[in-house]
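Taken from Swiss-Prot, the feature transmembrane segment covers 12-32, 78-98, 120-140, 159-179, 191-211, 242-262, 270-290, 309-329, and the record attributes it to sequence analysis.
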Amino acid sequence: MNGVALDIAIHGAKIALIFFVVLTLAAYLVFAERRLLAWIQDRKGPNRVGPFGLLQPLADLIKLLTKEDFRPAGADKWLFYLAPAMAAVPAILTFAVIPFGAPVTILGREIPLQVADLNVGLLFFLALSSIAVYGVALGGWASNSKYALLGSIRGLAQLISYELSMGLSLVPTVMLAGSLRLSDIVAAQEGVWFIAYQPVAFLIFLISIAAECKRIPFDIPEAEGELVAGFHTEYSGMRFGLFFVGEYINIIVLGGLATTFFLGGWQGPLLPPFVWFSVKTLAFAFFFIWMRGTLPRLRYDQLMHLGWKVLTPLALLNILITGWVLMFV
């Protein structure tokens with residue numbers, strides 16, 4: 001096998017592995033969320049399908065595949081069908097630039113555990129997260145439903161507001177690492193994780209990604225008591241499933257990015273690098289589940305106030321302070 005064919009085979013294997021692992025994790029994250037929320041609420045949760053309910057994700061998949069694929073009268077056909085894919089695909093594509101382990105050597109060849117080690121990896125992530133906004137917008141607008149439209153308008157405002165603070169919170173990590181390449185950012189944390197240098201940036205990023213995931217206490221676009229189910233009210237079957245699984249893939253991806261930027265990525269003592277990366281990422285996922293089970297929903301004005309008047313100015317101030325420290329200290 002020549003070098004080009006081998007490179008294609010290696011990249012294909014990494015892509016297939018990421019698809020399998022991320023989709024499986026997303027399915028079982030739903031199961032874990034239902035069990036954890038049940039424990040918080042003093043009930044049992046799903047425990048009927050398979051031993052300890054472990055086959056519940058498979059049962060949910062079969063249910064979604066066999067449900068009617070309904071399209072409302074007056075809906076824009078092609079945009080209605082396109083929106084779920086635009087919500088789910090950017091999330092999983094972001095995993096292409098995340099280094100989920102140290103490079104491994106196989107048959108004398110060093111293979112990075114990363115699909116694409118781009119020198120603008122951070123910009124790639126920000127670009128894809130911006131594209132996901134269109135899935136929310138199109139899903140609400142194309143449904144020909146006032147509930148879906150109101151949900152998409154709220155979602156657009158929320159995602160744009162917190163996209164800004166999220167991006168600004170990552171600027172200090174780039175200043176410390178001197179690179180936009182995610183593998184370089186991980187390597188720069190070999191001695192001390194960036195959370196030690198940038199606790200304020202980490203806090204801003206954590207709040208911002210919670211808002212990006214549209215989870216409680218930031219689930220304004222899907223407020224059940226007001227908007228039924230928000231921008232995906234009119235979706236059913238596997239198209240609804242794409243919105244649903246996209247949300248949980250986004251949780252995993254954003255947890256992986258938080259790990260990469262602030263918790264040293266795959267670095268850690270004793271355990272293998274991939275295990276460290278997985279443990280840190282899943283810790284963020286369970287933090288989001290815990291928030292859903294314990295916190296109330298914010299009002300819309302509180303949401304906007306937090307994003308524009310607290311997090312964004314604080315992120316800008318943090319950039320100025322970081323620049324001053326790097327220049328003069």
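Cβ coordinates come from backbone N, Cα and C, glycine included.
Just so it is clear, the model here is predicted, and its values are computed rather than measured.
Below 8 angstroms of C-beta separation, residues 29, 32-33, 36-37, 40, 100-102, 113, 210, 213, 215, 251-252, 254-256, 258-259, 263 of the same chain, each at least six residues beyond the ends of the transmembrane segment (270-290), sit close to that stretch. Only pairs six or more apart in sequence are counted, and the transmembrane segment (191-211) with the transmembrane segment (78-98) gives fewer than three Cβ pairs under 8 Å, not enough to call it a contact. Taking every recorded stretch in 78-98, 120-140, 159-179, 309-329 and counting its Cβ pairs under 8 Å to the transmembrane segment (242-262), the highest total belongs to 78-98. Long-range contacts of the transmembrane segment (159-179) within its own chain (CB-CB distance under 8 A, at least 6 residues past either end) are made by residues 119, 122, 126, 129-130, 132-133, 136, 185, 187-189, 194, 197-198, 201-202, 204-205, 207-209, 211-212, 214, 218, 261-262, 303-304, 307-308, 311-312, 315-316, 318-319, 322-323, 326.
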